[in-house]
Amino acid sequence: LNALPGRAPRQRIRFLPAPGGGGAVGLVPTRVPVLADHPLVRGPRFRKLKIGAGHRLDVKASGVFVLGIGHGNKLLTDLYNCHLTKVYTVGGLFGKATDDFSDTGKLIEKTTFDHITREKLERILAVVQGANQKALLLYSNIDMKTQEAYELAVKGLIRPMGKSPPIITAVRCLQFALPEFQLEIHCLHETQQYLRKMVHEIGLELKSSAVCTQVRRIRDGVFTVDDALPRTQWNLQSIQEAIQNCQLKVETELEKTLG
Amino acid sequence: VVRRPWRRPEAAMAGPARPLLRRALAAAPPSTRQLREAEEAAPVFQYAGKAARRKDRVFVWGFSFSGALGVPSFVRPDAGWKNPRRVQTTPYRLETEGKISSAACGYGFTLLASNTRDITKVWGMGLNKDSQLGFQRSRRDQTKGYEYVLEPSPIPLPLEKPQQTRVLQVSCGRAHSLVLTDSEGVFTMGNNSYGQCGRKVVEDEIYSESHLIHQLKEFDSRVVQVVCGQDHSLFRTKKGTVYACGWGADGQTGLGHYNITSVPTKLHGDIAGVNIVQVSSCGDCCLAVSDEGDVFGWGNSEYLQLASVTESTQVNVPRHLPFKIGKIKEAACGGTGNIVLTEEGNVFVWGYGILGKGPNLIETAEPEMIPASLFGQSDFSPDTRVARVRCGLSQFAALTNKGELFVWGKNLRGCLGTGRMEDQYFPWRVTVPGEVVDVACGVDHMVSMVRSFI
């Protein structure tokens with residue numbers, strides 16, 4: 001950033017003694033750059049950058065991670081208050097139960113899983129979704145007896161706008177090949193460990209056990225995997241382009257939700 | 001593979017354990033290879049085999065003090081320090097002796113019926129002051145009967161061939177009940193002051209502790225559905241005709257007069273010659289659905305239930321209700337509101353009371369549709385449809401094809417099962433640990449038949 005051409009120094013009109021030999025002592029107005037703006041006096045323009053992080057992503061998970069730079073930190077706070085859903089792809093493995101619900105933990109128990117079919121899994125997912133829908137309505141702090149609550153419920157716009165325990169708004173099974181399976185989970189206020197625990201609970205409901213092999217965030221509010229920069233593109237040019245592309249999306253979303 | 005019975009793990013597993021603060025003098029942590037070998041050598045437990053069948057269960061909720069829920073510890077706690085539970089606001093599992101195929105809720109009592117060929121086919125619990133559960137011999141005094149039955153007790157039916165006949169369906173009204181069998185007609189018991197049991201009214205008859213169970217066989221063909229209104233009974237036969245008996249002051253017998261009928265008589269009016277495939281009634285209004293998707297109504301119309309065809313408040317002849325909402329698959333009649341389900345899976349309500357479209361819709365004479373998004377339909381599950389609709393006296397229940405139960409209406413003594421005591425103005429999911437197959441709604445309690453997930 002410091003290597004980029006900076007602002008041109010300010011110019012000032014000073015009355016300097018005229019060049020030339022002795023004799024006439026005339027002052028000639030000349031335009032001279034201000035010494036205070038000289039790069040050697042001023043120093044590098046950027047010494048520190050304020051970078052803030054959006055929703056947390058723990059060590060074993062991967063995916064979209066939103067960072068804000070400078071003014072973006074304020075936008076991050078606003079986006080947090082919008083309470084938008086995040087989308088994860090969660091990979092699981094039947095047959096094992098570990099203490100930290102992932103496949104790298106200490107083994108607790110091994111179980112059979114040949115009785116599990118995709119239909120049974122989808123039944124359990126429907127129940128999970130139903131229970132979480134109720135939680136969504138309960139924590140949204142809207143009085144259920146008003147017509148307004150009915151209208152919002154019809155449109156599906158009720159969501160908690162304050163603190164709430166983790167809520168899963170939608171789940172569906174993307175792939176199912178025993179013993180592995182993959183789910184797409186839309187959730188609010190969650191942690192990745194909660195998603196791993198959810199995989200473990202699904203295993204328990206199916207009278208077997210399951211561990212989580214992969215947690216990958218594919219969407220965080222308005223930012224999707226397409227907007228995110230992979231490791232190879234962590235340079236200034238791509239970052240600037242990405243910020244510009246997302247600006248419009250972020251503004252419209254903030255206006256729509258916070259008014 | 002080691003077989004183990006299924007038991008939920010007692011303690012929720014926390015995160016990885018904290019490392020001990022003492023210096024461990026034990027051996028070095030096991031290497032990866034040792035861990036892998038230990039893992040492969042660990043025993044594999046089997047909790048459910050490939051042929052594991054889903055279990056059928058019964059869940060009850062609502063007002064429990066009359067014994068209608070069938071759990072004696074709610075009324076008479078088994079430990080001194082426990083308090084009796086007047087209202088059960090969330091679904092509670094009821095242990096039954098067999099698979100229950102049909103259930104019905106009356107006013108403070110419940111009937112459960114099983115499709116079996118065993119001797120005991122029907123169980124009853126709750127209020128028995130009019131012998132609506134038959135004669136329940138008291139254990140303390142062999143000559144007297146119980147007035148309140150606190151747990152599901154077998155009802156002795158006078159069957160000719162008890163080991164061959166099957167009970168198809170049961171239905172309960174205010175103080176009488178009907179049991180439908182496949183080859184021996186309909187058995188009726190309980191209060192008969194208005195002829196609702198299908199036998200002649202006897203003046204000053206004492207109904208409590210009565211052994212009398214009447215059998216009805218004279219219909220034009222086999223009876224396939226029995227429905228009890230508050231004080232009247234409706235019978236639907238295989239040929240599509242409807243018979244009625246009982247109180248008729250609101251025209252709910254549909255026979256063209258407002259008197260009592262004590263013998264099941266065939267209905268005419270707009271349903272003469274029409275093949276009726278479903279009849280429903282809970283209070284004083286009745287609805288019938290034909291095989292072509294038309295709906296007919298008769299009875300009480302004080303709450304605008306039949307206001308689309310007539311201004312009068314009592315209709316004593318079945319009238320066709322000309323609604324342009326599509327072919328109707330199922331109808332359910334409540335005390336003051338009605339609900340129908342169309343072939344496309346849309347739900348329409350009309351009448352008076354909490355109809356399910358927010359607190360602003362209190363009464364309407366024309367059917368209003370409840371949006372499918374309230375029943376769980378969304379972009380994620382676009383094929384969620386309502387499969388069945390049921391009506392209590394002032395509540396509605398809808399079952400989806402995914403096995404979810406939605407209820408709304410007046411929450412009388414916790415009958416909605418939502419866990420709260422407030423009324424519900426739009427469809428709300430009831431959390432039942434299983435897939436709900438059928439639900440029976442009464443005045444202040446509900447019974448559901450549920451299959452477990454696995």
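Every residue gets a Cβ built from N, Cα and C, even glycine.
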TrEMBL annotation (transmembrane segment) - matching range among B:58-75, B:436-453: B:58-75
Residues of the parent chain within Cβ reach of the transmembrane segment (B:58-75), under 8 Å, 6 or more residues beyond its termini: 82, 84-94, 96, 100, 103, 105, 108-110, 112, 125-127, 148-152, 412-415, 417, 432, 434, 442, 444-450
Range from B:240-292, B:345-402, B:403-452 with the greatest count of C-beta pairs under 8 A to the repeat 'RCC1' (B:56-116): B:403-452
Secondary structure composition of the repeat 'RCC1' (B:56-116) [DSSP: H/G/I, E/B, coil]: 4 helix, 28 strand, 29 coil
